[in-house]
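K.L.:
One structure coming up, written as structure tokens, with questions to follow.
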Amino acid sequence: MTVRRRPAAVPEPARPAPEPNTKPDDQDQRIAGPKWRFILGCWSLIAVPYIYVIGYHYEIESELKRSILINAGVSVVGFGLTLALIPVASKYVLRRNLFGYDINKKGTPQGSVKVPESLGIVVGIVFLVSAILFQYFNIPADSNWLVEYNAALASICFMILLGFVDDVLDVPWRVKLVLPSVAALPLLMAYAGHTTIIIPKPLVQYFGENIDLGWIYKLYMGLLAVFCTNSINIHAGINGLEVGQTVVIACAILVHNVMQIGGSKDPEYQQAHAFSIYLVQPLIATSLALFSFNWYPSSVFVGDTYTYFAGMTMAVIGILGHFSETLLIFFTPQVLNFLASLPQLAGIVVCPRHRLPRFDPQSGLLTGTKDGTLVNLFLRLFGRRSERSLCILLLVFQGICCCFCFYLRYILTGWYK
């Protein structure tokens with residue numbers, strides 16, 4: 001979480017040429033480099049089991065497997081490009097005074113450092129370039145999915161733009177709730193998939209096997225986009241949490257898609273989950289690059305640009321893959337955080353600008369406040385913790401919820417649907 005400083009609305013004076021051997025301005029200082037040991041560990045945890053699952057565990061049709069692996073290769077290139085561009089973009093946002101101070105380090109030397117903000121714009125741009133290049137070389141022009149795929153990219157692009165506008169203008173909350181609805185319009189208008197829901201088997205005798213919801217289903221998809229986008233945005237406030245939760249959920253989505261492809265013989269069903277993979281792999285790769293800079297202690301802040309982009313992308317993935325119910329279970333911590341935040345967001349309880357824990361500069365530990373966030377709730381339940389330890393605890397909880405979703409699907413298969 002940050003305290004932002006906006007540029008004054010006056011012409012910027014010309015800067016004199018720096019004299020030799022003088023110390024550069026703060027705005028020209030280089031940010032700390034990526035945390036290589038941490039990010040290589042993350043890559044190993046993701047890549048090794050994924051290669052086994054997609055290469056050996058499941059029998060996937062060779063052409064489909066080839067497209068998935070090509071997409072993975074493009075995503076790795078996107079990872080490298082994001083790593084290279086973040087330090088460059090950091091200089092430019094600092095020059096435009098788009099920075100923040102780390103409130104959770106207030107009272108320490110790190111708390112007075114100007115941290116470049118809104119670096120999610122780099123991730124969003126590289127993601128779009130990766131997805132478009134993959135589409136050009138691997139998706140035929142006569143594909144039935146092309147219109148929806150392009151509409152999904154348009155919605156994500158729209159959300160990146162609106163997120164960056166929010167970072168610059170700092171729009172109020174009532175406007176933030178509307179932005180995802182506007183950004184989701186391209187996908188909702190182009191959506192040509194089914195609008196029916198399968199009735200759980202215990203209720204089939206009362207309602208039949210399925211119900212066509214029509215426009216109500218599209219309204220539900222729009223609300224899903226609003227929830228996913230804002231839930232990532234409000235479950236935040238400590239270094240690495242926004243990107244970390246996105247990576248954990250995206251990895252769970254990737255595993256789910258591979259399992260569904262490997263367990264089905266229906267080409268259309270497989271293709272729906274393949275298109276989800278085509279979007280989630282570059283999301284994971286570019287997010288990991290940002291994670292290497294945003295992990296504690298953060299050298300960059302992601303801004304609302306990233307949280308909006310990540311939430312919209314995962315909502316689009318769930319819509320295209322037709323697994324919105326599973327997606328919501330993956331979002332269990334975000335649902336709990338939203339429910340805990342609802343009294344303050346609705347104005348029933350006083351809502352401060354920053355609902356952060358209290359930081360003790362002497363001990364370096366965070367103490368939970370009475371604000372309704374999962375961050376504060378965990379501190380109240382488990383006691384005072386360092387920022388790094390708290391983030392790890394929250395991400396472990398995110399992973400446990402995703403594993404519970406897979407277990408729930410397993411025990412309900414054949415009985416629920």
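Cβ atoms are placed via backbone N, Cα and C, with glycine included.
According to TrEMBL:
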type	residues	note
REGION	1-29	region 'Disordered'
TRANSMEM	36-56	transmembrane segment
TRANSMEM	68-89	transmembrane segment
TRANSMEM	119-139	transmembrane segment
TRANSMEM	146-165	transmembrane segment
TRANSMEM	177-199	transmembrane segment
TRANSMEM	219-238	transmembrane segment
TRANSMEM	275-296	transmembrane segment
TRANSMEM	308-331	transmembrane segment
TRANSMEM	390-412	transmembrane segment
K.L.:
Per the 3+ Cβ pairs under 8 Å rule, pairs at least 6 apart in sequence, do the transmembrane segment (68-89) and the transmembrane segment (275-296) touch?
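P.N.:
Answer yes: the transmembrane segment (68-89) meets the transmembrane segment (275-296) with 3 or more Cβ pairs below 8 Å.
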K.L.:
What stretch of 36-56, 146-165, 275-296, 308-331 shows the most Cβ pairs under 8 Å to the transmembrane segment (219-238)?
P.N.:
308-331
K.L.:
Where, among 146-165, 275-296, 308-331, do we find the most CB pairs under 8 A to the transmembrane segment (36-56)?
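P.N.:
Most contacts with the transmembrane segment (36-56): 275-296.
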